[in-house]
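**Q** To start, I am sharing the structure in question, which I have written as structure tokens.
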Ligand SMILES: O=C(O)C1=C[C@@H](OP(=O)(O)O)[C@@H](O)[C@H](O)C1
Ligand SMILES: C=C(OP(=O)(O)O)C(=O)O
């Protein structure tokens, strides 16, 4: 842990900036702009720059180093990397233990070597650093007071660095508005070689190459935005960059080798008119660039860094209008998986652009599948056939998605290459024995963590055998996992389920020409078949619609139409349960789209009554229970749920998570191992925890419609896994839920 330094302690420092170029002058200007109470001194070998700094009012004094250092408490060395050693030599006789010294050099191993050469070791009060901020302009007059604001500063402390010196360096950068992070010097140089030094090298090289050509004036005259965007950094300080490339030679040459290979692959693709190779590289790059953008904007998609979002749901509100909720999550996952393994092109409409299904899409890109989009729910998958996937470079990260991990396990068990499946903290707690056990029976080699939890390491090149299997629990994920592995197994695989579960895998396989037979509770398929891609229309997700079905059912005066909702009979438990409670739900405009039944659902307010939920409906409404509990809390009398122990192994223990929140609101209930009793009535507000579970977060948002006080719901970032537009759609029908980021 870095020692804590209160912001005001910085005001007691006398900061000495050595080198009044862009970086040093921006530190000085920034300190002045934020009202720093201490003194800012500067030294520079160009006296004119010192005079400019004084006249700009960004420094308070200057003089020879041997006069300045005894006055200083915090020194920022801001000279080019290769000049740092001579500055350190000049400082060495004046070095004190209570001085804190840092630098801003863009490479760190070379600076550490300089320090070691001068002192024979790394003094614990020397904390190397590098602000990832800059400008193509240079010199004191280019100083920008806000240069470091919202930028990252990397500090690279040693194991024996002085903790309070480190804390004072953190305090300096934080005061200038930067985010400070720590890493080792080697890692720093490697990361920077790829993300900063290589792009600068390419920009210098491109402009230099073009500028040498005779018709250069014309070329520059016609140069469009692409040239301008790509080459802006070629205007940077040549001396500084010469030093950077000298100092970080090895890492830069490594990055350049990788780049040359990439360019030569593209060259070959262009020469050979290889559209797939070009589209593959461009779509991967375009996707990665958008991903980078979301990181820059601190959006959460796949950032692996959990954002802290709180919902504030005001009490009351209306439910009126006509809306279409986003695409079905289960079908979106499967459309990518089957489309990737099919021959030919699969065009998907209505794809859910939520984090779970985007993680699946990204995983296939990492296995070499060219996927265009998503753009407004449209995705085009260039299938590679049953054996066309390629080994990914690293672990496949599937975020929060149980469906992805379990279906992938089946599909990857039959591949020729090894893979590793990882996920976020919630997924890492979920049981995988339910898929690992049957896959091992088929001959798969899978290692899991203790208690059969993720990550899963799957060995490729195994010969899989057919399986005849009675599912121990009603789970479409396990059924689908076995069927997907069965496509790679010898012989006919049969799976029997204890109760019907969603059958999207079976329907979509049949739709792609891979025969799956069904009789009674058994699904069967023979290994070794093939699929042909085709169009897929993903209807709106009934699991997302469920929040509004309940919202309208409990809000007096509500009248709402949910358009184009998937009403596959293995998914409509929520409709049956709400109707049994007395809800006014009507299916309109019923039709079949791409092998799946679809309807508009018209729902109006109607008083609800408590019921004993039919156990047969449980697997058919498995994801809808959190919001059905809210329906029960608004119904007259008691609602009893049994046989729902599966709810305890979802993104959270959904029985307990809902019970804890309902206790806060004052909703009477009794928790059982496999269910819950809920007594409807008036309830209040308060702060509840969604435990990072999207469906808990959305269920309590709906609860606020009938609460007497506002409900604050913590940890809601994961709503983006299944329902990215939840807040705007809720607002459009009159609900009053707002997000706040901590
Ligand atoms: O197959 C699927 O797409 C899903 C199956 C269900 O899980 P189980 O199979 O674990 O019941 C469901 O909860 C999940 O959201 C999606
Ligand atoms: C349980 C769910 O999803 P998964 O199992 O895919 O994480 C869900 O969306 O409610």
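Numbers run from 1 along the shown chain.
Cβ atoms are placed via backbone N, Cα and C, with glycine included.
TrEMBL lists these features:
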- 623: active site, proton acceptor (ACT_SITE)
- 329, 330, 334, 475, 477, 623, 650: 3-phosphoshikimate binding site (BINDING)
- 329, 402, 430, 477, 654, 695: phosphoenolpyruvate binding site (BINDING)
- 494-507: compositional bias 'Basic and acidic residues' (COMPBIAS)
- 13-300: domain 'Prephenate/arogenate dehydrogenase' (DOMAIN)
- 494-513: region 'Disordered' (REGION)
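Context for these features, please: burial, neighbours, distances.
**A** When secondary structure is read from DSSP and collapsed to three states, residue 623 (active site, proton acceptor) falls in the helix class. The Cβ neighbour count for residue 623 (active site, proton acceptor), using a 10 Å radius and every protein chain shown, is 24.
Under the DSSP three-state reduction, residue 330 (3-phosphoshikimate binding site) is assigned to helix.
All protein chains shown were included, and the count of other CB atoms within 10 Å of the CB of residue 695 (phosphoenolpyruvate binding site) stands at 29.
Within its own chain, the compositional bias 'Basic and acidic residues' (494-507) has Cβ neighbours under 8 Å at 328, 330-331, 334, 407, 466-476, 479-480, 482-484, 486, 516, 518, 520-524, 568, 570-571, 595-596, 616, 618-620, 622, counting only residues six or more beyond its boundaries.
When DSSP labels each residue, the region 'Disordered' (494-513) comes out as 8 helix, 3 strand, 9 coil, counted as helix, strand and coil in that order.
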**Q** Sorted by position, what residues of the same chain at least six away from residue 650 (3-phosphoshikimate binding site) have a C-beta under 8 A from it?
**A** 402, 430, 623, 693, 695
**Q** Please report the number of other Cβ atoms within 10 Å of the Cβ of residue 334 (3-phosphoshikimate binding site).
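**A** For residue 334 (3-phosphoshikimate binding site), the 10 Å Cβ neighbour count is 24.
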**Q** So if I take the recorded positions (330, 334, 430, 475, 477, 623) and measure from each Cβ to the nearest atom of ligand 1, which come out below 6 Å?
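**A** 330, 475, 477, 623, in sequence order.
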**Q** To the nearest whole angstrom, what is the C-alpha distance linking residue 329 (3-phosphoshikimate binding site) and residue 654 (phosphoenolpyruvate binding site)?
**A** 19
**Q** Long-range neighbours only, meaning 6 or more apart in sequence with Cβ under 8 Å: which ones does residue 475 (3-phosphoshikimate binding site) have?
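**A** Set apart from residue 475 (3-phosphoshikimate binding site) by at least 6 residues yet with Cβ under 8 Å, we have 434, 497, 501, 646.
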**Q** Using Cβ atoms only, which residues of the same chain lie under 8 Å from residue 477 (3-phosphoshikimate binding site) while being at least 6 residues apart in sequence?
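**A** Once residues fewer than 6 apart are set aside, residue 477 (3-phosphoshikimate binding site) is near 402, 403, 406, 407, 434, 435.
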